[in-house]
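These come from Swiss-Prot:
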ACT_SITE  515  active site, proton acceptor
BINDING   81, 123, 124, 489  Mg(2+) binding site
BINDING   122, 193  [2Fe-2S] cluster binding site
MOD_RES   124  N6-carboxylysine
């Protein structure tokens, strides 16, 4: 039977000094007999997805204490990818994921906490905390800050989000007034950006992994119903912590919940809903921390059998995450997958004995209670605000249309193969990924000529200067985990391609990655990356490249002999090999150099390769 970790610092005469310090934080004699729960917050005024989290930690803490635990809150960092986008700030985004994981490990292990409630929301924060949870392996519940409401303007029939503001800004025909209107309207409230971008994708996946409560991924940040998730998490964590330590119920440990089957469920959900390609990167990293052998090959296998049941922005302008909630949220999607026989429904969760048991209560297409129906009617108010729980608007009805609604049944799927695909070929021996949900059917098979750039900045300049033409495949290399370093997101280049009217006439191929807001024929995570000797570093201007998404292949149309000749010429450059031809005006700090030294390519999750120091 596991022993409460906190007893290390709260019991025994030799811990008098530690107890004295605990007393200085407000603890009493009675508190030393209770579990200590870490409330891991990520409040910051830099990020709209986290700006409202300041009081959430104490909301959870009060419930923990009312349920018989001791709550101790601390904060970790949060980088806003949208604000860091398009400049050297993006070099820090992906490395911050590992820094977040380390910081949570340091705090929780240094102070011997017994369990955690992780309050996350945006792109790297949720995966960073998930990595820490797997690493530490003590009871945990995730509760995120929730999605932003979609924007509205009289200038567009569709709802708006961040990507719309970026695309219109690069449209030379748009007036300054129109750009300003989109800018002011695209992000109206606190919360993670309103489409099925990386942040919302990851928060939805915590439901499929079994580590958060139903509604975590889709209940709006502004809605009063979200308050209940924080309260329930506070109460629930004390219960499962006591079961874990006092009843020897080992199945409450996150590594027991996040099994191989749970990772398959999460990836199955992501493919079905056409989520961000970044989730592949993060799930691989989280699985590695969990000791689960989940790989690109597993993702490729799933992508061939899981249908696409949902198209949400950026894959469609019609729906945003608030619409997914109205259609029954993530458990509605999981329910459709279960009825299709492609969900592991015996997986354990933090709230139910099995996923099947949870579906019987939470899938609105089964027999939902009036309370659950009202829960999924929670909708947007359309009032700009940075305040959580500030409105209680309800949709007049749920969206239960599984033929033409936001969520489809398998019989009415958008496509029989899902919204994410893994491609292999001589340019990506270890694979690359594409959000096929965002690719127009006319270019699922595309042959074009290489337009080679060696940085995101060069690619952006060439696109805006009209040097990129229809039929081009823009290569952006030396932007991988090592080469960037930090594997920058390429939202600006893809947005500008759309702004130039080339969205159905061009492709972009990179060893970097894409924002969850990216759509179009955008292929990322090319592995091995150029800086690690990948063949993407051998491509030259004018080379023909064939992309075949249905057959999961991508190849530069060169003979093996020609590629070998180019590789030999590259290796002959010595210290200059596998580096950009021209020095880039990019300041790489010592911290980023350390990350680059240990970083693996994307097919391994861009995690640190600690075998170098073992």
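A Cβ is built for glycine as well, from the same backbone N, Cα and C atoms used for every other residue.
By a simple count of nearby Cβ atoms, those within 10 Å, the most crowded of the binding-site residues 122, 193 is 193.
Among the recorded positions 122, 193, 515, the ones whose Cα sits within 10 Å of the Cα of residue 489 (Mg(2+) binding site) are 515, in sequence order. A 10 Å cutoff on Cβ-Cβ distances gives residue 489 (Mg(2+) binding site) a total of 30 other Cβ atoms nearby, all chains included. Following the DSSP three-state reduction, the secondary structure of residue 81 (Mg(2+) binding site) is helix. In terms of local Cβ density within 10 Å, 123 ranks first among the binding-site residues 81, 123, 124.
The Cβ of the residue listed as 'active site, proton acceptor' has 29 other Cβ atoms within 10 Å, all protein chains considered. Candidates 81, 122, 123, 193 (binding-site residues) were compared with residue 515 (active site, proton acceptor); those inside 10 Å Cα-Cα are 81, 123. With respect to their backbone Cα atoms, residue 122 ([2Fe-2S] cluster binding site) and residue 81 (Mg(2+) binding site) stand 9 Å from each other. Within 8 Å of the Cβ centroid of the Mg(2+) site, not counting the listed residues 81, 123, 124, 489, the chain contributes 79, 84, 90, 93, 94, 122, 198, 199, 278, 515.
Taking CA atoms as the reference points, residue 123 (Mg(2+) binding site) and residue 193 ([2Fe-2S] cluster binding site) are 10 Å apart. Distance between Cα atoms for residue 81 (Mg(2+) binding site) and residue 193 ([2Fe-2S] cluster binding site): 11 Å, as a whole number. DSSP assigns residue 489 (Mg(2+) binding site) to a strand segment in the three-state reduction. Under the DSSP three-state reduction, residue 193 ([2Fe-2S] cluster binding site) is assigned to coil, being neither helix nor strand.
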